[in-house]
Each structure stands twice: as C-alpha cells, then as structure tokens.
Amino acid sequence: MSKLVLIRHGQSEWNLSNQFTGWVDVNLSEKGVEEAKKAGRLIKEHGLEFDQAYTSLLTRAIKTLHYALEESDQLWIPETKTWRLNERHYGALQGLNKKATAEKYGDEQVHIWRRSYDVLPPAIDDDNEFSQAHDRRYANLDPHIVPKAENLHVTLDRVMPFWEDNIAPDLLDGKNVIIAAHGNSLRALTKYIENISDDDIMDLEMKTGEPVVYTFDENLDVVNKEKLDD
C-alpha cells in the first residue's frame with residue numbers, strides 16, 4: 001500500500017500579518033520554520049519514507065518541504081516543483097489586509113470570497129504590484145494561463161491534471177509521496193481524494209505545518225487517514 005503525506009506550508013510572514021497571499025511569493029516566519037522542522041521530526045518518528053516529493057513554485061512551500069525532508073533525513077529524494085500546486089490566486093485581494101478588507105466589504109462578502117467553492121474574487125490588474133503577469137517563473141506558460149483570480153473550483157481544475165499525470169501514477173506504482181503546498185491547493189486535492197461536497201469543503205481547515213497521511217490500496221481507495229501531532 002502506498003502513502004501520501006500532505007503538508008500545508010508553515011506559517012508565512014503574511015499569515016502573521018493577516019494579508020491575502022495567493023501567488024505572492026512571501027517567506028516563512030520564524031514560527032513557520034519551526035512548524036516545518038517539527039513536521040519533519042514527526043515524519044521521522046512515524047517511520048515514513050518517501051520516494052518522490054512535490055511542491056509549488058512558491059518559497060514558503062519549497063522551504064517547508066526542504067526543512068521537513070532535512071529533519072527526516074530525506075533531503076536527497078527526487079523533487080518536482082510545479083505551478084499547478086501553487087496557492088489559489090486571490091486576485092485583487094492579494095496584498096490586502098484581511099481585517100481591513102472585511103471592514104470595507106463586510107464579513108459575509110469576504111467569507112464568500114475566501115471559502116466559496118465557485119465565487120471568484122475581483123480580478124487583479126496586470127499593473128498591480130502583486131500581479132504575476134510578468135513573473136519570470138511563469139514565463140514558459142501561455143500568458144492566458146496565468147490566473148487573474150481563482151476560486152476553489154478553478155484551483156481544483158488546475159491541480160487535477162498534475163494529480164492524474166504525476167501523483168496518482170506514483171501512488172499506483174506503490175511509491176510513497178510527500179507534497180508540501182498551500183491551504184487551498186491542498187483543500188482541492190483533499191476534496192477530490194475524500195469526495196467532499198462543494199458545501200462541506202468550505203469548512204475544511206488545513207493547519208500550517210501539520211502532516212496529513214493517507215494510505216491507499218492498489219485501486220487508489222483511501223484505507224486510512226491520520227494527522228500527525230505530538
């Protein structure tokens with residue numbers, strides 16, 4: 001049986017300052033570094049060994065993966081970075097303070113933008129300082145592919161081709177896989193893996209730095225789910 005471990009990146013600097021982050025590339029906070037290292041220690045304590053690692057193109061997820069693998073003595077395993085595991089793009093909300101945005105638009109509207117499955121936030125302009133329209137890491141993508149705003153539905157549509165072409169084949173081959181990514185890209189994967197409804201997915205929380213372990217049978221059906229903690 002194969003195992004898949006999902007880790008939301010450790011606390012970021014913008015988690016700490018309560019800003020919408022999305023595709024903006026911010027670093028881990030000091031607490032986030034410790035969360036990532038703790039995840040690695042838990043992985044080692046539970047005897048989890050991996051054949052393949054995946055992460056996004058964003059520093060906070062990449063560093064979380066590296067800290068976790070280093071702590072578990074597995075920094076050497078093959079690693080693939082992909083934009084398809086990036087956080088959900090928050091559109092024009094990127095960079096804004098969440099509390100101030102709620103005061104301006106109302107708590108209910110901001111909650112809908114943040115958690116609704118199919119409602120898009122306002123789109124970001126290309127000249128916005130927090131746009132990725134001219135970010136070099138996406139230069140090989142068709143410009144129309146780089147999002148201006150995403151909801152969870154669009155995020156799932158972005159993530160699924162990578163699941164089908166890379167992650168699922170690894171698991172079907174009996175490999176153990178670790179993914180360090182983001183709250184919403186991992187919520188999208190979790191929705192698919194657990195067949196969670198559009199309504200119920202709104203309430204799913206992904207804690208920073210917490211490893212979630214899935215065990216799959218040969219048909220890629222989940223036979224066990226475990227969250228690692230102290």
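Using the three backbone atoms N, Cα and C, a Cβ is placed for every residue, glycine included.
Swiss-Prot annotations:
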- 8-15, 21-22, R60, 87-90, K98, 114-115, 183-184: substrate binding site (BINDING)
- H9: active site, tele-phosphohistidine intermediate (ACT_SITE)
- E87: active site, proton donor/acceptor (ACT_SITE)
- H182: site 'Transition state stabilizer' (SITE)
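Where Swiss-Prot records a feature, it is marked here on the structure.
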{"residue": "R8", "record": "substrate binding site", "DSSP class": "strand"}
{"residue": "W14", "record": "substrate binding site", "DSSP class": "helix"}
{"residue": "G22", "record": "substrate binding site", "DSSP class": "coil"}
{"residue": "E87", "record": "active site, proton donor/acceptor", "DSSP class": "coil"}
{"residue": "K98", "record": "substrate binding site", "DSSP class": "helix"}
{"residue": "H182", "record": "site 'Transition state stabilizer'", "DSSP class": "coil"}
What Cα-Cα separation, expressed in whole Å, is found between G183 (substrate binding site) and the residue listed as 'active site, proton donor/acceptor'?
7
Taking the Cβ of each of the recorded positions and counting other Cβ atoms inside 10 Å, which one has the highest number: H9, H182?
H9
Do any of R8, W14, E87, K98 (recorded positions) have a CA within 10 A of H182 (site 'Transition state stabilizer'), and if so which?
R8, E87
Spatial neighbours of E87 (active site, proton donor/acceptor), counting only the binding-site residues Q11, W14, K98 and Cα distances within 10 Å:
none
Quick check for the class: what is the C-alpha distance, in angstrom and rounded, between the residue listed as 'active site, tele-phosphohistidine intermediate' and G22 (substrate binding site)?
13
At a 10 Å cut-off from the C-beta of G183 (substrate binding site), count the other C-beta atoms across all protein chains.
18
